[in-house]
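First up is the structure itself, then whatever we jot down about it.
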Amino acid sequence: MKESWSSVDTLETNFRPLVVIELAKGTKEETIEWFTKRIVDKKTNGGAQLLIKPLVTENGGENIYLVGASHLRLLLGAENVGLVKECNDNSMRAFTYSSRKTFKDFADDNQNFLTMSECQYIIKHELENLRAKDEKMIPGYPQAKLYPGKSIVRRLLTNGILVQIFPLHDREELKKLRHTWYGQVKIGYQPLDEIRCYFGETIALYFGFLEYFTFALIPMAVIGIPYYVFAWEDYDKYVMFATFNLLWSTVILEVWKRICAVMTYRWGTLLMKRQFEEPRPGFHGVLGINPVTGREEPVYSSIKRQLRIYLVSVPFVCLCLYFSLYVMMIYFDLEQWALDYHEENKSNFSSLMLYVPSIIYAVVIEIMNRIYRYAAEFLTSWENHRLESSYQNHLILKVLVFNFLNCFASLFYIAFVLFDMKLLRQSLATLLITSQILNQFAESLLPYWLQKRYMKKMKERMHSLKMDTDLSLVEQVNSEKEMGTYFGTFDDYLELFLQFGYVSLFSCVYPLAAVFAVLNNITEIYSDALKMCRVYKRPFAEPTANIGVWQLAFETMSVISVVTNCILIGMSPQVNALFPDSKMDLILTVALVEHLLLAIKFVMAFVIPDKPRDIQIKLAKLEFESLEALKQQSCLPE
């Protein structure tokens, strides 16, 4: 790097606020002075070399600061975090300041070479990498211990001194995005590139997957309608539909990998190198030496963690699963009561009462899922995982296991214990539709209504004040800091995962499931867009190359769906009539067909490449050039 950090100016006349830091009220002056000094100090002195200004409010009692950076500082930061940008020859390469002229649209006076979300990501990265040098504690807070290499921001967060850090919205860009994204009702693709530029790759990939999954469901919905209308009780005709469904679930997941690779290559994240993971903020232990980095940091025994997992977490999850099954049996008692009531009265009201137990059970399932989520987060945090990736994997596993059993156990019981296909159709339809309505209300409509009420009160209060400072900026910061925090795409992917289960697991019994899924997803696109733009704070961009562990979760669900659909078809009277003398022949035939379909699925997954040929060639070319560059460096005389 030809440009040294010492040449970066920490003063800039055109200060552009990008990130907001809110400290707790009553934070000691010496703490604020020390923290802000570390933010503006040069990199050579262990600082972040950023720009920071206090936000002047009407009462002056709030410790709110605006953070920005000079253009040169952001360019050097882009190289530091490994951002990948498009070159003049249309290839994608990691940005370096020394070769900046080779990148498309770069100019020394072009402040838009880096998107605002990329600038905010760089600032977040630099703030999180502010580390203690020789300090033993946070000044003014003796209980907030520090040691060399400890992240200052994470210590401030865990001790409640730092309330929150969040990126500011760009009102003009957000207005344009809202108009093109959901401001008009139209049939078309989402502006994924614009979403990526504003919110980052992780959120853009979620909306890309949601859009792709919705379009992929359309063939299932179109085929399912005539099957529903003309062949309701004729299960042998569902064999073709179920077979198509099983092959469809494999093809769409494999094709998605290719589409995902194309998008992330265009965005540059497919080429980004995985950074070394630092300990997560909540990790604690006795001070020790990390054998990899050689730095002093907390160390926690893996044996203690395993004991916590297997002696506390696993029994607790099993207890929750048992409770879920107990609630399920209560639901079946209610179903029997509703059926007996209908048999006695035979009225329109009694017909409606047949659906009441399923609706109540669907509501209870959603409540239990949300309560369990909080318990799973607490348990996973208590397990004290060192890395954020490990924490997320354990949390996802806990939540997926419970949600799968809680949502689908009753359907498996009805299908394979009660053998009641009519009740299975009714329960599946009720659970699917009720859960979709509840999710739309709880995730988007209710938060939007509450946020709108708060914004109205806040604007009335702000405009009643006479202030000399920039009222629009103060108003924006005060409104955004009170918005809800978007905690990531976990719940959104979980909702799609459960929907995929409803569609694929029992497709031969209720072909209309795909129709309701398509209708829900169309409204989901608009409601999720609304909550991202109007309800929540702007989240920091997070570069990612794929949808992560959710790809494996969807693939696992598709394998389970092969087994369930084969068994359901084998249980049908029409198929049983083909084997009047030997049930063993029927079981062996169903097992053979199931194994054959699984084999076809795995062959298709193997045959369809995860990346298109042109992307593979481009990646191989970049790897070859990197190896050649390393050879040339090693051959240079010392």
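Cβ from N, Cα, C; glycine included.
Predicted automatically and left uncurated, TrEMBL annotations should be read as such.
What you see is a predicted model, and the numbers here were worked out from it, not measured in a lab.
As annotated by TrEMBL, domain 'Anoctamin transmembrane' applies to 195-621. The feature transmembrane segment is assigned by TrEMBL to 212-232, 238-256, 309-332, 352-372, 395-416, 496-519, 586-608.
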## Note on the structure
Per the Cβ under 8 Å criterion, with at least 6 residues separating them from its ends, the transmembrane segment (586-608) contacts 243, 246-247, 250-251, 253-255, 258, 555, 558-559, 562-563, 566-567, 569-570, 575-576, 578-579
### Message
Using Cβ distances below 8 Å and needing 3 or more such pairs, separated by at least 6 in sequence, tell me whether the transmembrane segment (395-416) contacts the transmembrane segment (496-519).
### Response
yes
#### Entry: Tertiary contacts of the transmembrane segment (212-232) (same chain, 6+ residues out, Cβ under 8 Å)
238, 241, 244-245, 248, 252, 256, 259, 496, 500, 503, 507, 510-515, 517-518, 521-522, 525
